[in-house]
């Protein structure tokens, strides 16, 4: 059917009445998108690759000088940059693992017949519909050591979530987990509801324990879709900027995108920040590739 | 349908055409500044200019945190959205070398502004490079870091007695940094939810650095030799090590969660009964004598940054000069506005509205000094101010200082000597990178 639409035109349709050919219609839809992608994504991407080999500063009228691999060399030798990467890695691991545990856990709880299931699911999805900046601003209030509700309910006195250098990154990760667990939950729920019921019935007849059922039936069947959630969340967590930027300014929470922002738009080291952006891009591509390979393996099973 | 579309497009076109022609007839000027009270006072002031000349002037603002980014993004794009900017003192090197600011040297000399404006404001807001006789802006909002304190706590006879018993001298406005430290320690009572002192710690722009500068300058230290970019033995001098240690000690007497605080938090420390003393720019003091914004307005006093152990007394400079942007299409009109702005009457009015004039005559007048409880401290401070580097790469220097100093102050990492030695190395590398030193 789909191919039929592509190759023939309903003689009664408006397009036919205007005398547009299939090719015209296809072009009408595809060309603007391609032009948009080229102008706003691909062209800047290539252009900034060029800048990454220069000492260009957008704040100065001086011409850019070609410096070869100097920017890359200096960045990769900068201990502050490496500590930014280490912080980012720690953040990604804590936040994504947290989201998978919470999100998948909630999905398991919801994957049964309970009253008001639809309403409950919708309410649980609310956090991820909020803007990052808004979430950051109100979690800052929740974490406040003097009047924040978190310390009040947990009886922590004036525990400093955001100004304690060792705690601040976890505080940001907790906020991220709160915000994005619903996303993992939603995908897991879709995966869980697709597991055929007869497998559980067969397991029950064979008197399989609940752990065995979970690890041999539920998890393997949900794994592919869970992997997709993990890929998305890893990419997003790697790029995190807003939450960490708004919540705290501890050096221990300076993830790589914050460093990149400062380098590009406060210090105006345009060339060097392009190089850093490329290093980040390559890292994200590498990580995603590993995940995708693993995802394909899981699917093959 | 096609007809409706055509008429709609025609309508939109007509509106646009009318809009442009109206715009072309009216003269308009836009001044860009950060979002804070002085910008509101400036808007009130420029309304008078509109009443006099018919030229509409708008003060456009953006939050402090992205003021620098937004302004330079516009400059770099050679945008004409703003005709003038009230830019931070440390931008002057970057903006003048890149050609973003119009050279105001002739204007400066013609109106003899070197004499008209207070010397420190001319040196730090207008002239670049240092002592070159080239001027890029008109000192507009003078500012420096000062202190507010709780008079009622200080004057309480019981507190006075207890203080004297503990430290052996009278509790009063601190005469030096040692007294500042003692008073902060004395009032630091976490059990009563009262704390000693509120200082700047925010490391996202220049807050923490300004706070540390207050200690460094009063301890007799310097950040470096601004004329030849020498930093070794200056930024990591003995005095600076002591000053940094003193600032770190003050941090231990701050309210809980004080690791990202700037002007809002520091004023809150006074309005919310959190701290006995609070560091802040003079520009934020009007809110503290206003009973609507400070329930303790009557009990709030002010003092200038105290001297260090050797009697040196300086303060970190804030404040901004007003510059004409090279890409503005209304430069002539902007220059006319500046001629009006520097008139003595205008400067008087500016001070009355709450702006901190840089006009020496107005500053020296008894009317100005007696107008508020803090004007006298402001007048005294404005003759003892020092500023951060104003070289084009100041932002890198600032971030390097934040990276080194912040973990030490708030996170106990390293010693003051180690921190400042590393900072000297960072700054040296940066100056080498830009061929300032060999």
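Cβ coordinates are placed from backbone N, Cα and C, and glycine is handled just like the others.
Your range for transmembrane segment, going by TrEMBL and the list A:257-274, A:275-292, is A:275-292. Check TrEMBL against the ranges A:28-47, A:48-67 and you find transmembrane segment recorded for A:28-47. Ranges compared are A:213-232, A:233-252, and TrEMBL records transmembrane segment for A:213-232.
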